[in-house]
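Here is what TrEMBL records for this protein:
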{"type": "TRANSMEM", "residues": "23-43", "note": "transmembrane segment"}
{"type": "TRANSMEM", "residues": "63-83", "note": "transmembrane segment"}
{"type": "DOMAIN", "residues": "65-308", "note": "domain 'ABC transmembrane type-1'"}
{"type": "TRANSMEM", "residues": "148-180", "note": "transmembrane segment"}
{"type": "TRANSMEM", "residues": "246-273", "note": "transmembrane segment"}
{"type": "TRANSMEM", "residues": "279-296", "note": "transmembrane segment"}
{"type": "DOMAIN", "residues": "337-571", "note": "domain 'ABC transporter'"}
Amino acid sequence: MIELLRQFMELCGNKSGKIKKSIFVGALDGMFESLPFTAVFYLFTRLKELHFQADALTKKDVLIISVIFLVGVIGRWICKYFVYNLQSVAGYEAAAETRCDIGDHLKKVSMGFFSSRSIGDTITTLTDDIHFMEQNASNILEKSINNVISVLTLTICMLFFDLRIGAAFIVGALISVAIISSQQKTSRVVVEKLKDNQMKTNNKVLEYLEGITVYKLFPNAGSAKNDMGKVFSEHSKHELSLEKNFIFGSFWFLAVERITASIIIFASAWLAMKGSLDIVKAAVLLVGAFALYKPLENLGTVMGMVRMMDISMKRIRETKNIPVMEGGNKNADRFDIALDHVSFSYDGDDAVISDVTLDIPAHKMTAIVGPSGCGKTTLTRLMARFWDVSSGTVRIGGVDVRDIQPETLYQYFSIVFQNVFLFNDTIENNIRFGKPDATHEEVVNAAKRACCHEFISQLENGYDTLAGENGSSLSGGEKQRIAMARAILKDAPIIILDEATSSVDPENEWMMVKAIDELVEGKTVIMIAHKMRTIMNADQIVVMENGRIHGTGTHDTLLEKDSIYRSFWDNRKNAASWKI
């Protein structure tokens, strides 16, 4: 418990102060909870002195008993008020801070992490695990300490009144602890399986929603539904297994508690009847036996949740400890790119890029062509250090990209992907993402240069129109032009265009070409394209095949010297002549 408390405080960061205060106040609450026990002891002591004549109690006696009760009740009320406020605020603030910290951390992680781990795993951590922590963690810790304090206080009182009765309670408590400990060990395996299944469930739901169109159109939708049913059924089994484990442990825990309380009650009465125990102490011990029920039951309930808290915290720590891409403090003062004997593999076995040496001049356009799967996109991602090379070096302005802080390096690049991602926010904010402090006039100017101002102005809410989830309210060409406007606004010195015009209609393509002309002026440009008219005027064309460079040169020189490029050109010309 102490180690779990330490880890939780570390996770809470600068919010741990409020958690510590709530735990301290919770401990005070446990002490106040024992005050009525003191009042009962005083009452019976006075009654014994007055030969159990209740009407002989003085006003002073009543006042003392009332004050003790009131201090206990009011003290607990005040403690609960502060505990709930501190826990609620600290829990939600710590959870929000943790989510932001993990978000910032993931931005620094290599893209290889996301290739090897499903998005559902990360979503489970950011939602289920952190939600469990914000709702329950501080409450679990506070209740654990509160109830431990209550039990310890009452145990000390019992030992003070009668060692035999106190010893009986301690034996019962030790047996209860052994039962809880055993339950914790068996529940750990079940909880871990449940958490793993939660990730599988999230992955399957995401897959189903992302592929809903395919599921509707193809007959295998039924089998996909069955797969989801199996995952949900397995999740249900793990939930039931966990509940059975808790029920079994709780049954024996409560049974021992009840038996111990019964023994204390019987022994107190029997010892009092034999005259070996003071009648007042016996009466107080009887009350104490019943008073022990609640904190012990609370401990049993809370300890069942401690294991889930431990697993959730472990998963959060693992996510926060994913290795990040470190960098040095160097900066580039020019923006030519040099790749020196670069090789790269996603899995450490099959090379996707093999011994590539290439110079990309600053302020010029370099086009990369080749068949699908030859490594074009991967090569551009290595330039921006989305991944680290397996061997070799990538330099910008003569500086190894690994010697530049990732945040600084990314400022050198604007990338327009084939599959554009837009946030479910206004069009203006999507464009402003390229420059967060941009004014409205700067956003509009960028939109005009990207040839999207006209269609944005025709929308009902103009620049305040919501783009929808991943730009669902816009056409593919409109999304591409907004991505262009975002890149223009960022005004980075290096531009990567990855099939930016491949899937747009002729009208949008013409607009895109105009936008590209605005975007690339005075920049270092790397363009991946299959449409020859887009790249034939490039200053340098790089031909790739199977992760290697087959040739470099201008359009005319490659037509003469490079068989792959010539074949590529002929195929595109023939395809362009097809008509329906």
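FYI, residue positions are counted from 1 along the chain as it appears here.
Cβ coordinates come from backbone N, Cα and C, glycine included.
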Cβ contacts under 8 Å made by the transmembrane segment (63-83) with residues that lie 6+ beyond its boundaries: 21-22, 25-26, 28-29, 32-36, 38-39, 42-43, 142
Tertiary contacts of the transmembrane segment (23-43), as residues 6+ beyond its ends and Cβ separation under 8 Å: 5, 61, 64-65, 68-69, 71-72, 75-76, 79-80, 82-83, 86, 138, 141-143, 145-150, 153-154, 157, 280, 283-284, 287-288, 291, 295
Non-local residues, at least 6 beyond the ends, that sit with Cβ under 8 Å of the transmembrane segment (246-273): 158, 162, 164-165, 168-169, 171-173, 175-176, 179-180, 182-183, 186-187, 279, 281-282, 285-286, 288-290, 292-293, 296-297, 300-301, 304
For the domain 'ABC transporter' (337-571), the mean pLDDT of the predicted model: 85
